[in-house]
Every structure is written in C-alpha cells, then in structure tokens.
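> The structure is given below, and queries will be raised subsequently.
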Amino acid sequence: MGVRQYINLYLSIIMILNSSSLSLLLNNSSASSSSSSCRLQEQFSLNGMYQKGDVILGGLFEVHYFTVFPELSFTSEPHQLYCEGFTSCGFQQAQTMAFAVDEINRNPDLLPNIKLGYQLYDDCQKLGVSLRAAMSLASGREKEFLLDETCSGSPPVLGIVGDPGSTNSIAISSVLGLFRVPMVSHYATCSCLSDRSKYPSFFRTIPSDSFQVRAMIQILHRLGWTWVGLVFSDDDYGVYAARSFHSSLAKSGGCVAYSQVLPKDNRPTELQRIVGEIKSSTARVVVVFSNEAYLLPLVDEVVVQNVKGLQWIASEAWSTSSVFHTPRLMPYLGGTLGIAIRRGEIPGLKDYLLSIRPDDQPANNPGNNMVKQFWEAVFGCRLEPPASWVEAGGDVCTGQEDLRDVETDCGDVSELRPEYNVYKAVYALAHALHDLLQCVPGRGPFSGHRCASLQRLEPWQVVHYLERVNFTTGFGDRVSFDDNGDALAIYDIMNWVWLQDGSVQVETVGVIDESAPAGQELTLDEDRIFWNFESKKPPRSVCSESCPPGTRVARKKGEPVCCFNCISCAEGEVSNTTDSAECLRCPEDFWSSPERDLCIPKGVEFLSYQESLGISLMTASLLGALICAVVLGIFTRYRNTPVVKANNSELSFLLLLSLKLCFLCSLLFIGRPRLWTCQLRHAAFGISFVLCVSCILVKTMVVLAVFRTSKPGGNASLKWFGAGQQRGTVLVLTSFQAAICTAWLVSASPTPHKNTRYHNDKIVYECVVGSVAGFGALLGYIGLLAFLSFLLAFLARNLPDNFNEAKFITFSMLIFCAVWISFVPAYVSSPGMYADAVEIFAILASSFGLLVALFGPKCYIILLRPERNTKKALMGRATTKT
C-alpha cells in the first residue's frame, strides 16, 4: 500500500475516533483486571438494510455519492454524518445481494437447515464512511457481550461482499486482513489487491486491472494502434492501472504519447491544459482509466475546445455509463470502445426488484433505511414527512405505490454487470460455508484432521474454503479463485453506437476470455464496430509509419521507440522481419533485390557455351581441330611424297596430333567448372603443348644433325638422331611434363571456386590453380622447351631450304613465345571468365601459329605446286643454290 493509502487510512481512523462511534471500549470498570464484559460505546448512524439469519453476510455498496460531515468544534459531541445523492445503480446492487440471499435460503441443496441473513451498509463513496461500516460489520451489532475463555459463537459476519472502490478495499482489507475476515469485492479492480502478503483474505469476482490492461493491449495490437494517449484518475484505481498500462504497452511495442492525471478538484486551468495536450498530440487514440465522476469535467472541456476525431478507449469503470450518452457529447464520444464487466442473467431478479415495498423491511433496521430512501427518491414523496414538508404541499408516500407505474432503472435487468458480480460473490461465500459444513469429522483440512463448526467458527477457516470454492452459475459461468484471490478473467468489449435519431446504443462487439487457448483470448467483430469518423474506418494512430521493406528503423534520439526514421539497407542486406532496427546480411550465395526486401540468388558467371564469347572460342577451337584433321588427311594421302617424308614424317604426324589435342583441350576451359575439368584442363593443356613443342624441338635438332652430315666427318652426329632416338626424346620430354602434372594434382589439385570478389551480386565460377608453384612449373617447362626450339631454329635459319624447315620453325616459335609472354600479364589482370578466355585465346593463337607456320607451306606445295613435291625438285633447288 502506498503512502497515499496509509494517509487516507490514518485520517479515516482519526475521524472514527473523533466521532466516538465504533470504539470497542471496556465499561467504567475496565481499568480493573477482573472485568468480564465489553460493550460498544456507540453505533454508527449508517444507511443500511438488515435481515436476520443463522449466519450473517456483510455488504458494502455505493448507494449515495456525497457525504456531509458535521462540524467538529471539540466542545460537544459531534452529530452523525449523513449522505446525499441517491444512485439507483448502487441500490440495485444491494438489492441483488438481498435477492441472492433469499434465493439461497429457498434452495434445499445449498446450506440446508441454515438461514442466511445480511447486514448491508452504504459507504457513500467515501473512505471514512466505508471504513466505519466495515468496522461495524466486523464488531457486530450487540451492544454488550461477555468475555470468557471459550469465545464460542460464530463471528458477527461470515464475510463481506464489497467494497466496490479499490481505495476503500485497500484500507478495509489492510485492517480486516489482520484477522483474516474474508472480503469478496464485486468492483475493486486495482492490481495491487492481488498481493497476498498484504491482503491475505481479499477476493473478488471482477477481474484485476492487470488483466483489463492486457485486454486493452490486445485490442490496440489487433487494430494496429501503437501511439496512444493515457488519461487516468488520481486514485488507486487510476494510478495502478496507468502504471501497469505503461509497462505492458512498452513490452508490446507501443508507446504512450502523453500521460495525464485528472485533477480531483476539477481545476479549469488544469483541465484546459490536459485537453490542449490531447488536441496537439498526433495520437488519435485516448485510453482512459477513470470513473465518470472524474472524467465528466474533462469531457466538458473537450466539447468546449471542440476536439473531435479521437478514438476513446474506456475502462470498465465508465464503459457502460449512461451519463455520457447525450446528444451534446456523442459527436465527441461516439464510437468509443470499452472494456466491460461480463454481462450475466439472474432469473427472477426483475420481479424481485419491482416487488420491493418499504413496509417489508424490519422495524429495527439500523440507520436510515435504504428502501425508504429509494422509495422517496423514485416517487418524489416522503414516508414520514416533517410538518414543514406537508405545509409546503409535499406529497406523502403511502408505501403502496407500484414501481411498475413509474419509469425507473430499478427493474432494468438487461445489463447486469456489477450486479452479476455481486450475485457471484454471495454464492461464493455460501458455497464456502456449505463446503465447510460438509466436512467429515476426522477427515478435516485443519490440524489433527479437525473440521470447523458453526459454533466455534473462525474467519480464517472460511478463507480456507473460499480459496477452494468452485461452482457454476445458472448462466453457465464458472466461479473460482486463483492463488491471488482473483476470479477467472472475462470481459465484454463494448462499442458506443450513435444512431441516426441521436440516441445511443451500447453493443457488445467482442469478448476477451483469459481461459481461452493462447492466442485466442480476443474475439472481436470489427465489421460491427461503429467508427465515428468520416471514413467509417478505424483511425491510424502511430508516431511513425512502419518502415517499408528494404529499410531499417533508426531511433530518434530523446523520443519514444515508436518514433523513428527509416534508412535503406545496404547492398547485400535486406530488412529484418523480427528486428526492425537491423538489416540482415544475405547468405553467401544470395544478394539483396533492388528493393532490399528479399535475398535472391546471385547471378552466376562463367565462360558458357550459350554466350557469344564462349560460342566464338568453341567454334575457333573446333575449326582448328578440323584443320588439323584435314592436314592430317592430306599428309596421310600424300605420305609417300618427298615433302611429307622430308625431315621425319612420323614427327609431322605426331605434331599434327598434338596440335589437334591443343585445340581440343581449350574446350575444357568452357562451361561451368567442375572438379574433373579443373584438374584435367591444365594437365591436358600442359602435356599437349609439351608434346607439340618437343616434336618441334626434335625436328629442329634433326635439321641441324642432317646439315652436319653434309660436311666431311659429320656422319657420326646423325646416328644419335635416328627414328628411335627421336621418338624416345619426345617421350622423355613429355614424360617430364606428365610428372610435373601428376605431382601438382596429387599435392595441390586445382579445384572449382565461387569467387565473389569481383562482383557483389554475382558468383564467378573459376578454377583455382591450387599450387602456384605447380602451375608455374608447368608453364615454365613449356617456355623452356619453346625457347630451346626457337634458339636452335634461329641458328639453323640460313641452312639450305631443301634440308630444313628452320625458317618456319623460327617464325612459329616467335609467334608462340610472343603469345605466351603477353599471356602472363593479360591472364593476371583479367577477372573471372575473362581469364579463361585469355588462356583459351593464347592456346588457339599459338596453336594456329604453329599449324599455319609449319604446315601451311607444305600444304601449299602438296596441293597447289605438286611439281615441286618431287625429290628431283628438292635436290635441284639445293644444287642451284650451291
């Protein structure tokens, strides 16, 4: 309990002591230790109703709303306070309790042979009066009783139904809880009352504000309202509800635009300030925790400042209040959504209410009889009028008037909400007593397996059974209490429909049931809701609109989390659906779409057979292979001619075969890289070119050897370059390259690789060489052989034509070296598939250079100058030149 509650409780106790009305004091001989009796000095003068019974139930209701306190002169005994401003709603709740007691007494299955009675008091909506009434119920009505050691007999009241106010219930339960006197409130909703350590004997049949707040949060979330204003009354009900609403809304992702406390004294300047902030705020939804008494002055100021276009959310304290249903207020409050207590039906209550008569009440009813005041208020007469009333022409009541002949809310049972909670509270106490009396001796719940008895009944024993009560009303609602004394939470969702004729109809448009499965607690029929806007649609109430896909939330410094800017996600990132403050990085093989709203597969790049570059290179490769096949066919056809037989025709055929392999190996560089293609492409390329260059090297060496044999003493050199030696040399030189490739593939084999360094939105498929040393050794060995071939051919370039091809070999090797020297920087600087294209171009260019330079002249002679393809012609040229 807060400081304010302690102060209120303290002041109330001071008022009780000053009035000298409840103090349970010893008589004049109390100073003596031998005193054996205790008496009440005086009783309160309270409005009430009373009915005798074997067991009495207490009740506290708000029948009047204004209290007139006497002046305290401290020189004489003060007069009793009295209440004014009769409310039919509170009276109907009190009568509902009386009806429930009467119904239980007529029920043979519930508390048989036990007659319930009641003692009801009016708290006049004042803490001091409520505390006086509670103490009167707890102390009993006997003016004097004997003190003995047995303390036999039942307590003055079995339990108390009420108080409807949260502040009053806090104060009363703080005192009565010390003695474990059970209280079952039908209207006190403060979540603080769920604290069992402070209020161990407090129960209620209305849901706690904590659930009401959760219900409101669900409605706000359902309708997409994250930016709301909050207004609450300056009492325990409003303060605790507002505190819970703040924390719950923040957890759900919403924000409070402003939070205003309604002044108790209705100061115009304060009300103007509050309405001014409501008017200037961008929040279109206003949540109000208050009763109509606090709220009505604010609504009047809303009308004065003409603040329209707001969606009001009403707490259960004013969601069904008819005081706002006027043509003056409906343009501003029409369409209000509210949380309302569950509506119930009580068969027989209407007839009971309409059959009330003032002469039916006991003559010894304490204080001013509630029924008498009700009767006089309804019919505008006096039952026991003073002479001045009669002289002034006032009507005198006979007590026989018929309530059916006048318009009154007393018989209206169409909206039984707090009355239904009263009905359930009475039955809860009755069922607790019934279960207590059904206890089997020796099997009781108390120490020693004892049972409680009506003759020696303790209040805490009733609390024990009340905690375990579980029954179903005739309307089908189950009544039980959780560990905090709270009832099963269920609310109706109300909507104020402003009809065309100017009248107002409050309709139920949904239900919130905490006992429903998770995620199904809220049932809301949005199509039935009346929206008091021109669009006839729910308003938008957000501080900042949700960030569109492809952006993230950037908080505004010093502002609530609902107010933010939207910043585009970076490339490769997309908006996060679970955390709007961060963007998600796309997986490795994905990239953000242009809208940055989803990750899409990255584009794939490699030298493909389907694109123009790949087709061109493939065509050139196949053309080269085809030319090699044609030349091979020509050489095969003319294999016995001198041009073909000159300088070892076997090497020429092997050279053509190796050139064909060079052309075909370039096809391995086209297409999506696979493990086998990556491993095979460089090996095939290296071995094919070494085979080709080895043949050229051997041919060059043979030319030099043959030239030496033409000189005296040179026959010895030719024996080292016979056909077997030539084939062996080619095989040995090629085997070295094969060994290099094998070592390379075994140690660090080339593998396919997805390269994303070149393009963020593309995956470049390429083959990584694995071992740079291996790749370098392969190229270096080819370069070494090519250099040796070029050097030897260059030295033999001036030998007689009929003896050699040195000039053509020199020219072909010059082309070959130029191509591969320029290949290195071009290959290193080319990204992705273009590196493969450069390598293919180098292969094709060098291969075509060798093919044309070495076999072009021979094919020219064979096909176009056959007269020169004779031994005589070749020898003749040699003779002429010599």
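Using the three backbone atoms N, Cα and C, a Cβ is placed for every residue, glycine included.
Feature table excerpt (TrEMBL):
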type	residues	note
DOMAIN	613-878	domain 'G-protein coupled receptors family 3 profile'
SIGNAL	1-23	signal peptide
TRANSMEM	613-635	transmembrane segment
TRANSMEM	651-671	transmembrane segment
TRANSMEM	683-707	transmembrane segment
TRANSMEM	728-748	transmembrane segment
TRANSMEM	768-796	transmembrane segment
TRANSMEM	808-828	transmembrane segment
TRANSMEM	840-863	transmembrane segment
> Look over the recorded stretches 728-748, 768-796, 840-863 and say which has the most C-beta pairs under 8 A to the transmembrane segment (613-635).
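Checked against 728-748, 768-796, 840-863; highest Cβ contact count belongs to 840-863.
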> Can you tell me the mean pLDDT for the domain 'G-protein coupled receptors family 3 profile' (613-878)?
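Within the domain 'G-protein coupled receptors family 3 profile' (613-878), the model's average pLDDT equals 82.
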> Given a Cβ distance threshold of under 8 angstroms, which distant residues of the chain, six or more beyond its ends, lie next to the transmembrane segment (808-828)?
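Hits for the transmembrane segment (808-828): 693, 696, 699-700, 703, 779, 782-783, 786-787, 789-790, 793-794, 797, 835, 838-839, 842, 845-846, 849-850, 853-854, 857.
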> May I ask for the residues of the chain that lie six or more residues beyond the transmembrane segment (768-796) and have a Cβ under 8 Å from a Cβ within it?
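Long-range Cβ neighbours of the transmembrane segment (768-796): 678, 682, 686, 689-690, 693-694, 696-697, 700-701, 703-704, 707, 733, 736-737, 740-741, 743-744, 747-753, 804, 806-807, 809-810, 813-814, 816-817, 820.
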